[in-house]
Amino acid sequence: MATIIDTISEFFDRERDLNPNCNSDDCLNAPKPGDGADAPLFEIAIVTIFAREILEACIIMGQYRTVIFRSPDFQEETRQKKALRAVTMAAVWASLAAIVLAVGLTIGLYVAGKQMSNTTAEVIEGVSKLIASVCVLQLSAKVPKWLGLYFNPKANKDGVIEGLDDRSIRFNVAWNLWREVAECGVFLIPYMIGDSARSIPVSAAAGIAIGLVGGYGTYWAQQNMNDTRMLAFFLANLTGWLSLGLFVSGCHYMELVLGKTPILWKTDIPFWSTKNFPMVMIKVFGYTNKRTVLEFCTFWAWFLLAIGYHYHKFNQSEKARIAAQAKWAKEEKEEISVETPSFEGKMKDVESNGSKEAEEEA
């Protein structure tokens, strides 16, 4: 038992606890004091965080808008406009709430003369990504049902299928948008409190522009797919990989706090680095230029879980379809038997009519 415990203990590297400067690509390190005068207007770290988070936000909003436009349940113009407005307003209010939170936290830390620790930032980032990964995976599995490819017996009192009611739309959009904006805000706190605030405006604008271009590209592709099956496959894959990336990244952030596992492989070629373009844009889908043991295990575990979850939803849909068809066939048979008299019933009617005619002649 002692050997097993020692092996597990050695499996995690706790040297980072003794070193406040984290060397991971995902750590949120504050700029060095006195860098303000020399701080560049264009900071690649700020550009990449904004580009990545804006791309994620665009994918979520674009997916909901596409489903609302293409779902059979939203062909009525009034219902469609109401759902689209729910998406927009949820995104706006969630973003404003995240901005207020980030500004308030920054002001509080500035007045107190303190910095947010790496551990606090990484715990917030990790937990938010883990929750989001579950929500986005559920979203991925529901797309075929929303587009009418899967049978769906569940509907609310207004006839809207499960997951596309206003409440579900608001929650999923608001949570993801709040998370994206809050992550940007938390990332910028060291820059705003330090002397490198001059790097934020230009870098943030560039990152937002890049993220919007990538997000619009995926949205344009969705809007121009005429085959519903291909559209469902594209959307389910897009959000499925996004969910995988969020889960692996969230686990890695918790790994940074609890202790890193050994690195299985790493490439130092700048082009493949997740700190640089274009690879930073596909990091949201689970890519990294280095992989720890925990990242490797969580990647494949979540991948298999996602495949299994999709199969479960498909199988569940087919069972519900068969049960519904059997029920409809039974009801139809009962209606026919009520409306169409049996042979014996017809003979009794004929005999009854014949006796009445005989009585009238007599």
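Cβ coordinates come from backbone N, Cα and C, glycine included.
Unlike curated records, TrEMBL annotations are generated automatically.
Annotated range for transmembrane segment in TrEMBL, selecting from 120-139, 200-219: 200-219.
Checked against TrEMBL, the range among 171-190, 231-250 recorded as transmembrane segment is 231-250. For the transmembrane segment (293-311), the list of distant contacts is 11, 133, 137, 140-141, 236, 240, 243-244, 247-248, 251-252, 255, 260-262, 264, 286: same-chain residues at least six beyond its ends, Cβ to Cβ under 8 Å. Note on the transmembrane segment (90-112): residues 57, 61, 169-171, 173-175, 177-182, 184-186, 188-189, 192-193 of its chain, located 6 or more positions outside it, place their CB under 8 angstroms from a CB of the stretch.
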